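Q: Structure incoming, see below.
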Amino acid sequence: MSNMLEVADLGHTYGDYEAIGGLTFTVRAGELVCVVGPSGCGKSTLLRTISGLIAPSRGDVSLKGSHLAVVFQDYSRSLFPWLSVQGNVEFPLRKLPRAERRARAAEALEWVGLGAAARKRPWQLSGGMQQRVAIARALAYRPALLLMDEPFASVDAQTRFELEDLLLRVRREHDTTVLVVTHDIDESVYLGDRILVLSGSPARLVADLDVPLPAERDQVTTRTDEAFVALRSKVARLLNVGKPSMDVEKWAAAERESLSETVSS
Amino acid sequence: MRAFTRGLLGIAGFLALWELLGRSPLIPAHALPPPSVVFGELVVQLTSPDFISHVVATVLAVLIAIGIAIAIAVPSGLVLGSVPAVRHATRAIVEFLRPIPSVALIPLALVVLGFGPETKITLAVYAALWPILFNTIYALDELDPLLVETSRVFGTGRVGVLFRVALPSALPFVLTGIRLAATTALIVMVSVELMAGSQIGLGYFIMEARSGPGRMDQVLVGTVVAGAIGVLLNSGLERVRRRWVAW
């Protein structure tokens, strides 16, 4: 499989504050990779540098493809209130002829099950539906990489499960390459083919873990699967959950060594 | 509906009070004609082509002034709101010009522009500029950075962001500014017609009725019609806002 995204020694500092301290990783075509890290560890900065919203202080980001799409956490502020749902999904497609734009938007709305809501305004929809509009807009753009920034952190638990399954379905059906940034360990294990674990600021790569779960996942059975439970504990330990006073770096380095024997097998 | 009924009650109370005052011996009858007399005269005037032409002249001039004010203030607001350097450079002069009452500029306008409708329209534009300009700048300050980032991620350039994101997002504020400006433009228009020796318009009609025959009933007809135009402008623009900018 070819690499869709290559990030090499990516670092970013704001003044004296080092948000990201040299990240190197790749995302292969068709893969869904989750980036998980403690709150305020520079995940957002990572996403903003990859998406080109800010220029990184050092390092390279290279995308195999012309463009990427982003789904932000705050769907209510990311959809254009003066446009219909259809208009929002058509927004990235303005360079296409009108008929094709229409068709692509309608198609993407069908994928997320919102074909009937095309003429509504986003603010007339529930939070979960609004986030589905944002996902449809991103998919309609046919991005080489779909970046998602805490995409389900602002919806209730039930909706969150629905949206997670929706994401797994559409990315399987359309072979989309996805990079999800999240602080939620369970979510990263449930969604990911691979998990990149980051340390606190400055963000450094602590571990790059394969998720040993089948492609078909289910909210009830997958979450009770032994492999799922084992991996989420491993990620939690890597993130030093519940041990805030420990030296994350040292601890993570030790953990990385111990893991390299067990995980790589 | 309740609010509407209460509104009607308020108007009825006001008219009753006016009628009482107008008929009381405390105030001379020619100084404050009661509403029964004024509205009788209103019906007469509304069938007079002369009066109608005064009303049309004022309404047209107000609409032209609002249009020109929008054409100047919205683009200026977009520039001032999105280019901080320009905004800082112009802040002092804007803060100086803004509080100048339009009527204080009448002599200057008469000398420069003469006695035609250009004068009253220019002065009304001057007064109407500020609410639109400041609301546009304010709207750009309030522009959600996430909307801008979203559009940039989807390949929208600087100009695209201005027209496809900043402008539509500013629209509700701009429309509120226009609504405020419309009332201001009407006030200035009638004032200038009244004071600057205009040949036509509601203000001129009021002035003529006052200084010629001293017909206070006609003066009040002019006043009532000016108020009605203000209410119609305001509610019309409010309706536009609700219909087109409902978020």
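From the backbone N, Cα and C atoms, a Cβ is placed for every residue, glycine too.
Sharing the features that TrEMBL gives for it:
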type	residues	note
DOMAIN	B:55-237	domain 'ABC transmembrane type-1'
TRANSMEM	B:55-80	transmembrane segment
TRANSMEM	B:92-115	transmembrane segment
TRANSMEM	B:121-140	transmembrane segment
TRANSMEM	B:161-180	transmembrane segment
TRANSMEM	B:186-207	transmembrane segment
TRANSMEM	B:219-237	transmembrane segment
Q: Mind checking which residues of the chain, 6+ beyond the ends of the transmembrane segment (B:121-140), have their Cβ under 8 Å from one of its Cβ atoms?
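A: Those are 61-62, 64-66, 68-70, 72-74, 76-78, 80-82, 87, 94, 98, 102-103, 105-106, 109, 113, 166, 169-174, 176-178, 180-182, 184-189, 192, in sequence order.
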Q: With a cut-off of 8 Å between Cβ atoms, can you find at least three pairs linking the transmembrane segment (B:186-207) to the transmembrane segment (B:161-180)? Only pairs 6 or more residues apart in sequence count.
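A: Checked: the transmembrane segment (B:186-207) vs the transmembrane segment (B:161-180), no contact.
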Q: Below 8 angstroms Cβ to Cβ, which residues of this chain, lying six or more residues outside the transmembrane segment (B:55-80), approach it?
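A: Apart from its flanks, the transmembrane segment (B:55-80) reaches 86-87, 90, 117, 120-121, 124-125, 128-130, 132-137, 139-140, 162, 166-167, 170, 174, 177-178, 181-182, 185-186, 189-190, 193, 200-203, 225-226, 229, 233.
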Q: Which residues, given as numbers and ranges, are at least 6 beyond the ends of the transmembrane segment (B:161-180) yet have a Cβ under 8 Å from it?
A: 66, 70, 73-74, 77-78, 81-82, 131-136, 138-140, 142-144, 147-148, 151-152, 233-234, 237-238, 240-241, 245, 247
